[in-house]
Amino acid sequence: MNGSRAWRLAAWLLLCLSCSAAVARKDSCETCTKLVERFHKGLENTAKKNFGGGNTAWEEKTLSKYESSEIRLVEIIENICDSSDFECNHMVEEHEEQIEKWWFKMKQKYPDLLKWFCIEAIKVCCPSGSYGPDCLACLGGSERPCHGNGFCSGDGTRSGDGSCRCKAEYTGSFCLECSDGYYSSERNDTHAVCIACNQACKTCNGPSNEDCKECNNGWVKDDGKCVDLNECASEESPCKDSQYCLNTEGSFLCKECDGSCSGCSGEGPESCKDCATGFVMLSGKCTDVDECDASEKLCLRENEVCLNTAGSYKCTCSEGFEDKEGNCVKIMETENPEITEGETGTPASDTNILNTAHEDL
């Protein structure tokens, strides 16, 4: 392996190790934070489990012994992690002595378990507004990371680089500049408020369409302000022949013509340019032609009638007839008389003989 290739491989391995360590530090802080939350939940559960019986004097006397007892700590720790949560169980096992130390010796002086355990004792988290192995202040300061307009990378963890991920309205390293589509209503060295431009503006320096620096798509400059461009007014429609154009603010919609139309300028049969097959123009709108009223008979089979439909017609068998092999034939009722209860199908003469024989016995 030549020297250049070996150097690149070493640099790649170093980068991978660095990334893995950063992820591990972030995950460790998340695990510790969750562990502390579960610990506080355990405090609530053990308090409810052992008290609240109504004997206040007895509870106060007993509580003073139980609330900081080893028994209570064991009950909490036994239920602090799910059995499948490897990271949580590993952290408890690795740092159980620290938890016991806080419980028996440090709790009164340092009541904030997250701060004492996660930040100061095992050093997997940072105070809010700081980041990285040394808990450096985020850009903009730990009190208002990213000047309150974004999120600090690694905030509260031992990972990240402290850079700002700005909210949609803001941009820049410190989240003090306004993004396209927003203008600055307040601004100083440490504070900025960005408000959305008028919908007509792509960029602006104020709230109205007269304050646009550049118009958004679908708007054009007219007399110093951005106004809606009516795409539907162009000579060539942006829609298909079977659709009409409907202008909207900054855009347009293509909507299907009425079924009676062959091309249209708007909604309904009165907006047809031409009528579709099966329709004729009457009183300014396309109306269905009733082909069944024509003098020439359209349905020629015996026992067949004509039914008008929108824009057409269909031939169907008359009531009481059905189509069989191209002919309308009468529907035959099936003869299937029901056998009444008690009937056996035995001939009457035989039945009488049987009855007679039975009577003779």
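Using the three backbone atoms N, Cα and C, a Cβ is placed for every residue, glycine included.
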Practice task
Name the residue range among 201-223, 316-338, 339-361 that Swiss-Prot annotates as region 'Disordered'.
Solution key: 339-361
Practice task
Could you pull the disulfide partner of C306 out of C286, C292, going by Swiss-Prot?
Solution key: C292
Problem - Residue among C146, C178 that, according to Swiss-Prot, closes a disulfide with C164 - result: C146
Exercise for the section: Note down the number of other Cβ atoms within 10 Å of the Cβ of C152 (disulfide bond), including every protein chain shown. Expected result: 25
Exercise for the section: Would you kindly give the Cα-Cα distance separating C315 (disulfide bond) and C146 (disulfide bond), rounded to the nearest Å? Expected result: 76
Problem - Candidates N188, C292, C306, namely the recorded positions, that fall within 10 Å of C317 (disulfide bond) by Cα distance - result: C306
Exercise for the section: Could you put numbers on the helix, strand and coil content of the repeat 'FU 1' (191-238), residue by residue per DSSP? Expected result: 6 helix, 21 strand, 21 coil
Practice task
Provide the number of Cβ atoms within 10 Å of the Cβ of C317 (disulfide bond), excluding the reference atom itself.
Solution key: 20
